[in-house]
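Colleague: Straight from Swiss-Prot, here's the annotation block:
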ACT_SITE  E350  active site, proton donor
ACT_SITE  H381  active site
ACT_SITE  K503  active site
Amino acid sequence: MTLNSLPVWPALQAHYEEIRDAHLRDWFAPANDRAPTRAERFTFEGGGLAADFSKNRLTDATLALLVRLAREAGVEARRDAMFAGETVNPTEGRAALHTALRANAPDAPFQAQVAAERAKMARFADAVRSGAWTGYTGKRIRHVVNIGIGGSDLGPKMVVHALHHVATPDIATHFVSNVDGADLARVLERIDPEETLAIIVSKTFTTLETMTNARSLRDWFVANGCPEGALAKHFVGVSANPAEVVKFGIAEANVFEMWDWVGGRYSLWSAVGLSIMIAIGPERFDELLAGARDMDEHFRTAPLERNLPVLQGLVGIWYRNFFGAQSYLVAPYSEALHYLPSYLQQLEMESNGKSARIDGAFVDYPTSAVTWGEPGTNGQHAFFQMLHQGPTLVPIDFIAVLTPEHPLASHHPKLLANCFAQSEALMLGRTLDEARKIAGPAKPELAPHLTFPGNRPTTTLLVDALTPRTLGALIALYEHKVLVQAAVWNINPFDQWGVELGKILGKVVEADLTAAQVDPAKHDSSTSALIARARKALGE
């Protein structure tokens, strides 16, 4: 299947030509925006969240055509196959059953294994949180260091930061991912080996960055007085390769299992989320799962016309494949969601940044947009200038939490006002005539600089309060959005072959950086010159 061969495609192209120059300002004008208002028609709810799509460049006809696109592309069939545990990752011959990790239904796949592993996690988390699990000198654990990269880092770090307000104050959680030694060194400055628990997270337990950091941390423990025989009090491992964990030196009883039917970027619901469970406790971890389950149920059962992940995915395709948007921005007006944009970068671009279709042919249309973002209001003082007055179209997801999770309640109206005002300003803009009035007769030359084109599309997601449950629903919303877009683009969102070539060449380059001699013909002239400079700096 090619995207532009679907029966609905010519109708969508014609519709795009018809409305591409229409301005959102006119659609919201009182003469056109009669009951039910545009906001009422384009606001939908599901999984405890609300989404206002009304400030997007679409009409009722647009949505009808996009929903038809979803049906013709087989979105429903792909969704149902994923939930059923079918092989939806054909290049690796695997299912993608992250939804089974939160299913809580006896007929869902792998429920016995999932329940047993979660119970083991809960026992361990309770022991650490209560002080029953101690370090080698008998002191309780005060620091947890999660060592992992990609999905073994981004998801847990994002959730622990987001739910800080419900986390235990007795344990600080640190995350180390980068192979740059500075990342680990800065954490080592803040922790005490007698009070530190290390969680090493790697699906294969061979990941270069993770194992380099794990070995350095193990050496640090021993160098700072921990007997090698007591390391079991300070190291646990999470992996789909338990034998390799034991080979590293972690006690078999301290191994938590993940499975190859869960992709790394979808794995925070598994034992990969052990650092989350220690921080917020097993009961709140269950609430996180329940929120994701709420969105799973909404995704499975809501009509496509009112289905939040479906609509979010289709709106993204509308801008990517018709308006030619190269990127889209995620702007959470919540400091608690500081790491959500970086988490979504991996979720969206590692999943859908593909050029090969499932059938092996190459696409002739754009796939994943560049995903980026920063919390509000910080972003307003960095890149919103470009969003308002630059020539580039950047669709935006605003995320607003309506009630604060902190005691400084007087700040919150200011935060929400900025979020809502930005969406309004991006939609309305300011005409040249309006700008001339502001510039006045004394400075008419200023008017062009005071104009705003407006017509910049935004979606606003509303969360009543940031709780484990609503956070779980928000994360699952984006997970399912990715699947919807992958189905329409006919690509596999569950593999990541694009990360492999650099890894392979990285091992060759690393060997050349320390080798006695290097054959300059082994690499291109640029890479050879870079290696030569680095060897000189390293004293080789």
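Glycine is no exception: its Cβ is also placed from the backbone N, Cα and C atoms.
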Colleague: Between the Cα atoms of E350 (active site, proton donor) and H381 (active site), what distance do you get, rounded to the nearest Å?
Modeller: 29
Colleague: How many other Cβ atoms are found within 10 Å of the Cβ atom of E350 (active site, proton donor), counting all protein chains shown?
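Modeller: A 10 Å sphere around the Cβ of E350 (active site, proton donor) contains 22 other Cβ atoms.
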Colleague: At the Cα level, what's the spacing in Å between K503 (active site) and H381 (active site), rounded?
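Modeller: About 37 Å separates the two Cα atoms.
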Colleague: In sequence order, what residues of the same chain, 6+ apart, have a Cβ less than 8 Å from the Cβ of H381 (active site)?
Modeller: none
